[in-house]
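Annotated features in TrEMBL:
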ACT_SITE  Asp63  active site, charge relay system
ACT_SITE  His126  active site, charge relay system
ACT_SITE  Ser282  active site, charge relay system
DOMAIN    57-306  domain 'Peptidase S8/S53'
Amino acid sequence: MPSEISASPQILRAPSGLLGDPFQMRQWYLHSFFGNFTVGADKVWQKLEAATKAIPVVLAVLDTGCYLHQDFIDDFDVASSIFWDNPGEKDCTNGVDDDENGYVDDCFGWNFVEDNAHPFTDDSGHGTLVTSVAAARAHDGRGGRGVFSNPTVMCLRVGSRRGVWTSTTIPALDYAVKMKARVSNHSYGGPGFVAAEYEAFVRALKHDHLIVTAAGNSGCNIDEHEGKGNVPGAVFAALTCFSFTPGAFRLRGLVNVMASDVAGFRASFSNYGSYTYVDGTSFAAPIVAGMAASLWAYFEASSPVGWQQCNEPASRKVERAIMYSVTGSKALAGEAAAAKE
């Protein structure tokens, strides 16, 4: 670990939204034939996938870890998976910090809970579910698929079944930025303000990194109670239900995007090939984060006129594309790419 030491309050965060829900059509929230209740990702997948194959955009998932599920990996071989591979680590078992980033043998990310190089453990299942929403593999004949086309996921374990601590999320976000992840997903929240956490968000945004965070399920005004604070440039995602209204976990205040996500179909951590249905703003956030990563890759590959001429940071342009797609209380994130051609 890095040698620099600092002190700040230790506050416990909670994963947002491990709630079961009656079965609905699997992954209905992705498909445009359900009309205005979905993100309409199916309308642009083909275009995105064709344009972004050669453009690696890394999405960091800061959560309870990532179980090695069949929708992420073949035969438990990380090399043939959706997961990020650190090019600076020459040997994953030599006990040497090859890339001198302060983390030894971090070939595939870091477990900030146990302070080791093994993020592929998940004792609560929350991180596996979130990763599934954002980036489950497509065209593999198994289970569902994520929003992110051609995904590369940096798995950073920052919590467990007991919760998510700011003492792990802050260094994890710094790690994600340092290791060139473009977008990060934060499906956790709770009351209490920590200046060090706020400052970590600001640092990330200054490095052209896009943060997507769950607004939470408490029904409170997050302007007053959420610890992440009012960070300009961060995207706060809440959810809508199938009736095109805010979901049961209704939030007030600083909510940037409402993404459709109730009773969604996800990869489960219970075994290699299992699935389940859950809801909550935890699973609205990775819909937005997944599409943000896809759009970033698409814009870099296709380089539309608006992308070239705008002098703002790339993360801000992607955020604007997501926000451009918002109509009323929903986010048609899947149409943002088409709208920007």
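Glycine is treated like the rest: Cβ placed from N, Cα and C.
All features noted in TrEMBL, drawn onto the structure.
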| residue | record | CB count, 10 Å |
| --- | --- | --- |
| Asp63 | active site, charge relay system | 30 |
| His126 | active site, charge relay system | 28 |
| Ser282 | active site, charge relay system | 32 |
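The CA atom of Asp63 (active site, charge relay system) is located 10 Å away from the CA atom of Ser282 (active site, charge relay system). For the recorded site, Ser282 (active site, charge relay system), the DSSP three-state label reads helix. Following the DSSP three-state reduction, the secondary structure of His126 (active site, charge relay system) is helix. Look at Asp63 (active site, charge relay system): DSSP puts it in a strand. Note: the CA-CA distance between Ser282 (active site, charge relay system) and His126 (active site, charge relay system) rounds to 9 Å. When pLDDT values are averaged over the domain 'Peptidase S8/S53' (57-306), the model yields 78.
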